Amino acid sequence: MSQLVPSPRSAAACFILLLGYSWLGSANQLSPMRGKGRVLIPLTPQEADQCPSASEEDFLNSTLTTRLLPALYSVVLLVGLPANALACWVLVVNFRRCSSTLFMLNLASADLLFVLLLPFKISYHLLGNHWVFGDYLCRTMMAFFYGNMYSSILFLTSIGLERYISVVHPFLWKGSSWMWGKVCVCVGIWLVVGLGMSLLLFHPQIRHISSLNITTCHDVLEKDKHMFLAYYFLSLVGVGFGLPFVLVTISYSCILVRLLAKGRQHRQLVCVLALVLLVFILCFTPSNVLLFIHYMVEAKGCHNDTYRWYATALVLSAFNNCFDPFVYFYVSKDFRGWVRDAISCFSGRLKTSSGRASEKTALPLRSSEQSQQG
């Protein structure tokens, strides 16, 4: 079974080759994918008459994008910000005690960076899909948005492979070499994701819609001028989701089979691991499948309707930022203990500070009483 797990170097090399191919495709304009695209496609008047609900104006004015999406992203912000901040703090404080949390720390950091940029996306939707922060910040936000999705997938895959090795092959790789190997994997993931997201930073992401008097961020682009997006996002789907999906499924399936064979003593752990696998599938599969379909299907008539479903599926992938900290809590006994220690320590400090404040306010009263008695 271990032969089915490719090395991180081969995956990174494959990803870089696919990105290079996307650059060549955009430069030479040799794509047979004419009429395909991920973002909203401006329709001709004839197409708009045949399918009025598919026009970009209808989508940008819809209740889905101006009310529902910002409300859901606000939930992600309100839950994900404190949860991931607490997770990062707990993991950093206790890192020396348990170096196995390295992947979880990087995952929590990626989630926290994503949540910090959510206010810009929420305001964009609340303003009627009108971007007021400039093109460069739009590029940065979209790079972090997709970078978080695929870095989360890769770190969750690394966590799954680490558990697979520790359960199925416990004596395969231990000691300092194991720790340095994990450090190299984390650095490699950040480098590969950073390289991949740099493509979004080099291309304009905003477009002015004169009929609505708004400026969109990434939602509406000139398809013919951005043919590289077809190769680019298909590369992300294949290497950033397809390969990790296979690895995670194989890893957790092997772990579950091994634990189930040991009897009911690991029943709770089996349920937790099954939940982790289910969350991974539910959060990331819909958006990536729709992304693949949106590229591979010829764009005719109502093609923009697919983008509605894709925009909704992206919110589901964003909810992974809320689920990850709770996955840490239920999977790791050490993490649960650290959180309890952190909460008790914080509450103890509050009691100490409040006690000192009450003593300070009581001192003048005591001195006045003594002066009256004297």
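Using the three backbone atoms N, Cα and C, a Cβ is placed for every residue, glycine included.
Here is what TrEMBL says about this protein:
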{"type": "SIGNAL", "residues": "1-27", "note": "signal peptide"}
{"type": "TRANSMEM", "residues": "71-95", "note": "transmembrane segment"}
{"type": "DOMAIN", "residues": "83-328", "note": "domain 'G-protein coupled receptors family 1 profile'"}
{"type": "TRANSMEM", "residues": "102-120", "note": "transmembrane segment"}
{"type": "DISULFID", "residues": "C138-C217", "note": "disulfide bond"}
{"type": "TRANSMEM", "residues": "140-159", "note": "transmembrane segment"}
{"type": "TRANSMEM", "residues": "180-202", "note": "transmembrane segment"}
{"type": "TRANSMEM", "residues": "229-257", "note": "transmembrane segment"}
{"type": "TRANSMEM", "residues": "269-297", "note": "transmembrane segment"}
{"type": "TRANSMEM", "residues": "309-331", "note": "transmembrane segment"}
Q: Using a Cβ distance cut-off of under 8 Å, indicate which of 71-95, 102-120, 180-202, 269-297 has the most pairs with the transmembrane segment (229-257).
A: 269-297
Q: Determine the mean pLDDT over the domain 'G-protein coupled receptors family 1 profile' (83-328), rounding to the nearest whole number.
A: 83
